[in-house]
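These notes concern the structure reproduced below.
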Amino acid sequence: MLDDRSAIEHHKYSQRLTELERRSAAAQQRQQKKKPPKMHVGNKIRGIKIKRYVSNGERVLKLVVLFSAILLFMLYIISPLSKITTLHVTGNHDLTKEQVEKNANIYPGRFIWGVYLARHQLTKQAIRKNPQIKDLRIKVTGPQSLQISVKENALLGIAVMNNDTYAVLADGQLQRTKNADNGIAYKRFDGHKKVLATTAAQLGKLKLAIRNGISSVSYQPTKEYPDRVIIYMRDGNTVYGDLNTIGDKMGYYPAIAASMKNKGIIDLQVGAYSYDYGSKDK
């Protein structure tokens, strides 16, 4: 009887043990499905080596491309392909293209990047050589083409002093010249260079339309008006003015001239008024 009972209990224990083993195996299978299989250490090392190799290869390629580009650019700089073949000059009115090129020392055949890198020095050099050049802008417009934009000190006219002929510029500078150009004729300024420079700087403020209407300017001081200049207009009128203020007051000339019925004198020395020739002795 005892043997039968012991056999039954042993059988039940074996069944429970089998059931537990089955559940444990099933749980392990589920967990293995959730987690990816572990990579072998050797495979990991191989993968790291491959990544490093690819990364190093990319770095080397980038360096090769960079140094190749630098080398090609350096070869281009010293090759005939970087020499100026086309040169454009813009903004010049009184100056010729050749004068601008000569004063700036820029010409076809020079290395374009050498010119560009030295553009500030070349600009200063041009201004120093020729007062008619107020400013320069140098711009690379192509592999072999360059543009020079010039800003001029306008040429107002010519003055003859002590047998020397001077070009009178809009900023008041005087430039000795051999060419008697058209423009405003400056008279009776002998021995008065500073007065001429001040007068020129004042007239340089005027709009081009007014300035082009001036035929000549004469320095004629009096006791009452020691800074008097007389301006003879191309339309037949005469303007009396102060050489220190004439640049501002001449701005009223078009309106005053339009209101006059006859040709006459416009006095801008003190205030602003006009009268016909012969109607008032001044």
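All residue numbers here begin at 1 and follow the chain in the order shown.
Glycine is no exception: its Cβ is also placed from the backbone N, Cα and C atoms.
What Swiss-Prot says about this one:
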- 31-41: compositional bias 'Basic residues' (COMPBIAS)
- 82-153: domain 'POTRA' (DOMAIN)
- 19-41: region 'Disordered' (REGION)
- 1-59: topological domain 'Cytoplasmic' (TOPO_DOM)
- 81-282: topological domain 'Extracellular' (TOPO_DOM)
- 60-80: transmembrane segment (TRANSMEM)
_Segment confidence, the topological domain 'Extracellular' (81-282), expressed as mean pLDDT_ = 91
*Helix, strand, coil: count each for the residues of the domain 'POTRA' (82-153), based on DSSP.*
26 helix, 25 strand, 21 coil
*Beyond the flanks of the transmembrane segment (60-80) by at least 6 residues, Cβ under 8 Å*: 111, 113
